[in-house]
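Enquirer: Pasting in a structure now, in structure tokens, and then I'll have a few things to ask.
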Amino acid sequence: MRRHVVLSIFVFAGIVFAAEEAEKLPKCEHVDPYENLEGWLDLKPLTERKCNHTLKENLTEAESKKSEWGIKSFAFDALSSEKLGPNRNVGKQAHKLCEEEKYDASYSTSVVVIHHNEALSTILRMINGIIEFTPKSLLKEIVLYEDASEEDHVLTKHLEKFAKIKGLEDKLIIKRSEYRQGLIRAKVHASRLATGEVIVFMDSHCEVAERWLEPLLQPIKEDPKSIVLPVVDLINPVSFDYSPSMVAKSGFDWGFTFKWIYLPWEYFETPENNVKPFNSPAMPGGLLAMRKEYFVELGEYDMGMEIWGSENIELSLKAWLCGGRVVVAPCSRVGHVFRMRRPYTSKPGMDTALYNAVRVAKTWLGEYESKFFAVKPRGAKMVFGDLTEPMQVKDRLKCKDMKWFIENVYPELEPKVHDEL
């Protein structure tokens with residue numbers, strides 16, 4: 001706990017200092033990438049322009065509207081993002097000992113990005129960062145799959161123009177679904193377009209740090225049935241400041257609510273623990289690497305799920321119970337914009353998060369199913385659809401039961417649920 005408090009103080013102090021320094025700089029020029037893509041792509045990094053991209057004094061009417069539109073549409077400040085520009089080097093965010101690590105995994109890699117109602121500036125900055133900070137020998141392609149964005153937010157034409165300007169037609173696979181698939185099914189459809197040996201699923205508002213990919217590939221070489229996670233750093237939704245986050249495992253409670261599990265200070269006093277991958281009971285879901293062949297072997301995501309929610313729990317359980325593992329690679333760092341809220345809608349008339357969670361519970365919890373419904377009683381009466389396919393995967397892979405998972409992977413899950421206390 002002391003480690004978390006001390007690091008948080010340093011991070012906060014650094015942000016305050018950076019903000020104070022930025023306030024002394026003039027307001028950045030605003031170039032709108034939707035209207036002038038070439039001009040926006042020509043913008044130099046902030047370090048060269050010497051301006052403040054977050055300053056809200058003396059905004060023009062167009063700038064004010066852009067800021068308000070961004071917060072309403074994306075739950076982050078699109079004006080700050082556009083003024084930040086197309087390129088940013090967030091530097092080396094991992095522990096200094098990571099610089100000494102040697103990696104020899106050489107899988108061709110496809111980065112798979114699903115976007116629905118996404119801001120153009122964030123996705124283009126992410127693509128530029130992936131291209132710049134990934135070895136050419138490893139990056140096979142980036143799959144950009146647009147899941148039926150609403151009319152004002154369709155990016156496919158902008159992305160095609162970007163690919164032509166940058167000469168990336170052979171590196172970017174740009175596809176659009178005219179009908180809303182939802183994040184889960186869209187990920188499956190997009191992954192089927194990928195031709196790399198490894199797929200990296202990445203949310204559409206991320207930025208990679210230097211040497212982000214190599215640490216993700218090495219554990220896969222050591223165990224091909226690995227799902228490998230980076231450390232997810234924080235990008236502020238208003239200022240877009242990049243801040244390193246605590247190294248942590250991922251977990252969940254009996255209601256499948258995700259949570260971070262922070263490692264004790266003493267763990268990191270052993271130098272090698274700052275660099276070596278470690279097991280995690282679960283995953284956040286937005287950022288992960290695995291062999292495409294293994295993803296298919298696991299039955300991909302459950303195509304009976306709707307929109308978003310619990311797919312991370314399902315994939316975690318499938319990996320652990322069916323002969324694989326989930327690990328965190330602390331030397332891999334990827335920043336993620338943590339938005340103010342989830343700005344897109346679910347399926348009308350349906351609690352999709354609960355629906356998906358019930359499907360996972362019915363498929364994987366077995367004798368522990370009652371613990372889930374004690375936390376989520378509304379789910380007990382919910383119609384959850386056909387489970388034939390996920391059950392066939394479970395049988396085909398001869399998966400272990402939930403008791404094994406608790407005893408061998410996640411003993412912290414065993415305490416009684418609230419209504420039994």
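Yeah, the Cβs are placed from backbone N, Cα and C, and that goes for glycine too.
Annotated transmembrane segment per Swiss-Prot: 4-24, in sequence order. Look at Swiss-Prot and you will find 25-421 tagged as topological domain 'Lumenal'. For Asn52, Asn58, the entry in Swiss-Prot reads N-linked glycosylation site, with the evidence type experimental evidence. Feature annotation from Swiss-Prot assigns disulfide bond to Cys98-Cys331, Cys322-Cys399. Per Swiss-Prot, region 'Catalytic subdomain A' is recorded for 106-219. For Asp147, Arg180, Ser204, Trp308, Arg339, Tyr344, the entry in Swiss-Prot reads substrate binding site. The annotation Mn(2+) binding site is assigned in Swiss-Prot to Asp203, His205, His336. The region 'Catalytic subdomain B' feature in Swiss-Prot is assigned to 277-339. According to Swiss-Prot, the motif 'Prevents secretion from ER' annotation covers 418-421, on the basis of sequence analysis.
Mind mapping these onto the model and telling me what they sit next to?
Expert: Taken as a whole, the topological domain 'Lumenal' (25-421) shows an average pLDDT of 93 in this prediction.
In the shown protein chains, 21 other C-beta atoms lie within 10 A of the C-beta of Asn52 (N-linked glycosylation site). Secondary structure at Asn52 (N-linked glycosylation site), taken from DSSP and collapsed to helix, strand or coil, is strand.
All chains included, 7 other C-beta atoms sit within 10 angstroms of the C-beta of Asn58 (N-linked glycosylation site).
The number of other Cβ atoms within 10 Å of the Cβ belonging to Cys98 (disulfide bond), over all protein chains shown, comes to 20. DSSP classifies Cys98 (disulfide bond) as helix under the three-state reduction.
For the recorded site, Arg339 (substrate binding site), the DSSP three-state label reads coil.
In the three-state DSSP classification, Asp203 (Mn(2+) binding site) falls within coil.
Under DSSP, Cys322 (disulfide bond) is assigned to coil, being neither helix nor strand in the three-state scheme.
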Enquirer: Just to be sure I understand the packing, how many Cβ atoms besides its own are within 10 Å of the Cβ of Ser204 (substrate binding site)?
Expert: 22
Enquirer: Between Trp308 (substrate binding site) and Asp203 (Mn(2+) binding site), how many Å separate their Cα atoms?
Expert: 13
Enquirer: When you average the Cβ positions of Asp203, His205, His336 for the Mn(2+) site, which other residues in that chain have a Cβ within 8 Å of that mean position?
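Expert: For the Mn(2+) site the neighbour list reads Thr122, Met126, Met202, Ser204, Cys206, Ile235, Gly286, Leu287, Gly335, Val337, Phe338.
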Enquirer: From the DSSP assignment alone, can you count helix, strand and coil residues within the region 'Catalytic subdomain A' (106-219)?
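Expert: Reading the DSSP string over the region 'Catalytic subdomain A' (106-219) gives 43 helix, 30 strand, 41 coil.
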Enquirer: Near His336 (Mn(2+) binding site), which recorded positions out of Asn52, Arg180, Ser204 have their CA within 10 Å?
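Expert: Matched recorded positions: Ser204, sequence order.
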Enquirer: Do me a favour and check the Cα-Cα span between Cys399 (disulfide bond) and Arg180 (substrate binding site); whole Å is fine.
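Expert: Computed Cα spacing between Cys399 (disulfide bond) and Arg180 (substrate binding site) is 32 Å.
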Enquirer: Pick the one among the disulfide-bonded residues Cys331, Cys399 whose Cβ has the fewest other Cβ atoms within 10 Å in this structure.
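Expert: Output over disulfide-bonded residues Cys331, Cys399: least Cβ neighbours within 10 Å is Cys399.
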